[in-house]
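Chemist: This structure is in structure tokens; I'll ask about it shortly.
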Amino acid sequence: MTTFTPAILVLEDGRTFRGRSYGATGTTVAEIVFNTGMTGYQETLTDPSYRGQIVVMTAPHIGNTGANPEDFESGRVWVDGYVVRDPARQRSNWRSDRSLDDLLAEQGVVGISGIDTRALTRHLRERGSMRAGISTEVLDPEALLEQVTAAPSMTGSNYLADVTVDEAHVVPAEGDKKYTVVALDLGIKGMTPKLMAQRGIEVHVLPATSTLDEVLELNPDGVFMSNGPGDPATADHQVELVQGVLERGTPYFGICLGNQIFGRALGRGTYKLKYGHRGVNQPVQDRTTGKVEITAHNHGFAVDAPLDTDFETPYGPARVTHVCLNDDVVEGIALLDRPGFSVQYHPEAAAGPHDAGYLFDRFTDLMEAARAEAH
Ligand SMILES: NC(=O)CC[C@H](N)C(=O)O
């Protein structure tokens, strides 16, 4: 007879769910958020932007294709906890070398299964993201709640030191090298430099604490800042770095945290969304073309900028270029007279639809134009 290890999930507001241990045993406390992707659980788990978060999967059946090293977006699983309804009892895929349960256990990720993820998600949608704990050892909800309320909140958190590379490295261009880009690793996903390399970009991935001098030393055609975990309001060093880049007129492209940092560099604030956007089917309109694209998201914060008018910045006028059609959240901004733009969502689409791949071409177009102007 199979026996199960009991586990509990306790939310900051006291709501408690009982289930079974999934992955590692132990206790974890972090912000709880939900992801609506029906596919791509491995890419989600290995996205460094999820550092500091317990992720609830709304898709009821998780783990069907097991785990394989090829679908990792970084070197490890980063989520601080994992909540699923009904884990696959059997894995089925020729690339799979482990079950998802084994992968999570190996990586020390505490999870819980057998949870009514629909009720849990509705609760989080109504009350907003909050702190939560999962435990297989503290099974008294009151005792776990004490640990949950003692934990730091997501607002004001900075995890960049945990996720960034220790040493710079280069991802070579595929085919002829056309451009050099410095990509600041704030928790970069593997697909991002790959999509740049496919466009003839040699990508120099640098640690998050790199200085403007270290960036400029490489004489880049463009500077990129990646997605990453934590509260963008704490990324002061990176904001100053972007300001230095913009002053010199070097083309800039940012994704997600890199968008929030760009917004701050332009003088705008950021704020926390009630429950964020996490999934692979969010409708975003590119206002420069009017086209609607279906996109991958993972963000809990957003840039505060006006939708209806251009706004002034120290680098000339700027505009909101992309908007989420579900809730009018700013999903992209661009300078009008200088080469700089960014998006809040994930055009690298790992996992997710490829509708937004054109943004990497917009980046090469900017670098091409800047080069033509210099000659
Ligand atoms: N994926 C990201 O870059 C997320 C940025 C930021 N941590 C947020 O939650 O909004």
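Glycine too: its Cβ is placed from the backbone N, Cα and C atoms.
TrEMBL labels come from automatic prediction, so no person has curated them.
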Chemist: Per TrEMBL, what member of Ser21, Ser49 joins Gly228, Gly230, Leu257, Gln260, Asn298, Gly300, Phe301 in binding L-glutamine at one site?
Modeler: Ser49
Chemist: DSSP secondary structure for Cys256 (active site, nucleophile), reduced to helix/strand/coil, please.
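Modeler: The residue in question, Cys256 (active site, nucleophile), is coil (DSSP, three-state).
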Chemist: Looking at the active-site residues listed here (Cys256, His346, Glu348), whose Cα lies nearest to that of Ser49 (L-glutamine binding site)?
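Modeler: So, of the listed active-site residues, the one sitting closest to Ser49 (L-glutamine binding site) is Cys256.
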Chemist: Under 8 Å Cβ-Cβ from Gly300 (L-glutamine binding site), six or more apart in the same chain: what's there?
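Modeler: Result: Glu31, Val33, Ser129, Met154, Lys272, Leu273, Tyr275, Gly276.
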Chemist: For the recorded L-glutamine site, enumerate neighbouring residues of the same chain (Cβ within 8 Å of the Cβ centroid of Ser49, Gly228, Gly230, Leu257, Gln260, Asn298, Gly300, Phe301, site residues themselves excluded), in sequence order.
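Modeler: The answer, listed by sequence position, is Asn227, Pro229, Asp231, Pro232, Cys256, His299.
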